[in-house]
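Chemist: Right, I'll just put the structure down here and ask away after.
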Amino acid sequence: MSISNITVYMPSVLTLVGIPGLESVQCWIGIPFCAIYLIAMIGNSLLLSIIKSERSLHEPLYIFLGMLGATDIALASSIMPKMLGIFWFNVPEIYFDSCLLQMWFIHTLQGIESGILVAMALDRYVAICYPLRHANIFTHQLVIQIGTMVVLRAAILVAPCLVLIKCRFQFYHTTVISHSYCEHMAIVKLAAANVQVNKIYGLFVAFTVAGFDLTFITLSYIQIFITVFRLPQKEARFKAFNTCIAHICVFLQFYLLAFFSFFTHRFGSHISPYIHILFSSIYLLVPPFLNPLVYGAKTTQIRIHVVKMFCS
């Protein structure tokens, strides 16, 4: 697909290439992507159904897990329908405002997911380090407040990215986005203007969210491990640590994929563009796909209720 050199004033429609360099095989790439999406939808919907129907799971940890499942459904659904439209039906066009909205949803939902992982780490910290006070500290009201703060933090931090693009840029070098979805820097690079402010703010948001969340989760688990290793009985240590395994797995895969995608994009100039696009797409789809599988396999209560549901 050729890219026009004509400067465009306030374009109403943009074009998503998909995966640059792999246009001829995108229809085949769409098959595993669609399978991952369907499994993610089924797994997270099942998780939400179990948590909602079982009163014994109406605890902070599982409420946060339900929030994570809902976020995963929203995140996967914000990119896959359009991506499959590009891969299978050759519908690359997207309205400019719709593209900005998709960008805002994607980055906001990523921020929400990171915030939920912080909330889950805090819950595990209180449950293990202060078990007798857990029920008094993590009240239903506090859970609602934490959930609201997580959503508002992400939405408010990402909103200026949208405003800066809409208000600062009027002329664009091209209307063709070399990506499979509307990502912040992919849109910013189209502008025929100084994009330094947008780049700086984008990095500020990324490092603010990731920096705070990673620090908080790491400190929480340092305290958790200190408390666990001080327990006198081996069985008690194993039981306490076992309640954290699922969260640790989800936390590691979320941030490892995020950092791998970030550093290959920023510093992997020798890497082919289609590798960048593939990894950035996989980074958004793999967590929604893996999270319900990890919690289903590692959390006894969830596993029991899944078996009970299918047996009945």
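The backbone N, Cα and C atoms fix where each Cβ goes, glycine too.
Per Swiss-Prot, the features are:
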TOPO_DOM  1-27  topological domain 'Extracellular'
CARBOHYD  Asn5  N-linked glycosylation site
TRANSMEM  28-48  transmembrane segment
TRANSMEM  57-77  transmembrane segment
TOPO_DOM  78-101  topological domain 'Extracellular'
DISULFID  Cys99-Cys182  disulfide bond
TRANSMEM  102-122  transmembrane segment
TRANSMEM  142-162  transmembrane segment
TOPO_DOM  163-199  topological domain 'Extracellular'
TRANSMEM  200-220  transmembrane segment
TRANSMEM  241-261  transmembrane segment
TOPO_DOM  262-276  topological domain 'Extracellular'
TRANSMEM  277-297  transmembrane segment
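Could you tell me the structural context for the features on the list?
Modeler: Taking DSSP states H, G and I as helix and E and B as strand, the topological domain 'Extracellular' (1-27) has 5 helix, 6 strand, 16 coil.
Proximity of distant same-chain residues to the transmembrane segment (28-48), defined by a Cβ-Cβ separation under 8 Å and at least 6 residues beyond the stretch ends, is recorded for 19, 22, 65-66, 69-70, 72-73, 76-77, 80, 83-84, 87-88, 281, 285-286, 288-289, 291-293, 295-296, 302, 306, 309.
Within its own chain, the transmembrane segment (57-77) has Cβ neighbours under 8 Å at 37, 40-41, 44-45, 47-48, 50-51, 105-106, 109-110, 112-113, 116-117, 119-120, 123-124, 127, 138, 143, 147, 150, 250, 284-285, 287-289, 291-292, 295, 301-302, 305, counting only residues six or more beyond its boundaries.
On the 0 to 100 pLDDT scale, the topological domain 'Extracellular' (78-101) averages 96 in this prediction.
Reduced to three states, the DSSP call for Cys99 (disulfide bond) is helix. Within the same chain, residues at least six positions away from Cys99 (disulfide bond) with a Cβ under 8 Å of its Cβ are Leu14, Ile177, Cys182, Ile187.
Distant neighbours of the transmembrane segment (142-162): 60, 63-64, 67, 100, 103-104, 107-112, 114-116, 118-119, 122, 184, 198, 201-202, 205, 208-209; these residues of the same chain sit at least 6 beyond its ends, with a Cβ under 8 Å from one of its Cβ atoms.
Residue counts for the topological domain 'Extracellular' (163-199) under DSSP (helix as H, G, I; strand as E, B; rest coil) come to 15 helix, 5 strand, 17 coil.
Sequence-distant contacts of the transmembrane segment (200-220) (same chain, at least 6 residues past either end, Cβ-Cβ under 8 Å): 107, 111, 114-115, 117-118, 121-122, 124-125, 153-154, 157-158, 160-161, 164, 184-185, 188, 251, 255, 258, 262.
Here the transmembrane segment (241-261) has long-range neighbours at 68, 110, 113-114, 117, 120-121, 124, 127-128, 210, 214, 217, 221, 224, 228, 279-280, 282-283, 286-287, 290-291, 294-295, 297-299, meaning same-chain residues at least 6 beyond its ends whose C-beta is under 8 angstroms from one of its own.
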Chemist: Count the other Cβ atoms sitting within 10 Å of the Cβ of Cys182 (disulfide bond), across every protein chain shown.
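Modeler: I get 25 for this one.
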Chemist: Using Cβ atoms and a strict cutoff of less than 8 Å, what residues sit near the topological domain 'Extracellular' (78-101) while being 6 or more residues removed from its termini?
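Modeler: Cβ under 8 Å, 6 or more out: 10-18, 26-27, 29-30, 33-34, 37, 109, 162, 165-166, 177, 180-182, 187, 281, 284-285.
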Chemist: What else in the chain is close to the topological domain 'Extracellular' (163-199), if you only count residues 6 or more beyond its ends and a Cβ gap under 8 Å?
Modeler: 1, 3-5, 7-11, 13-20, 79, 82-83, 86, 94, 99-100, 102-103, 106-107, 273, 277, 280-281, 284
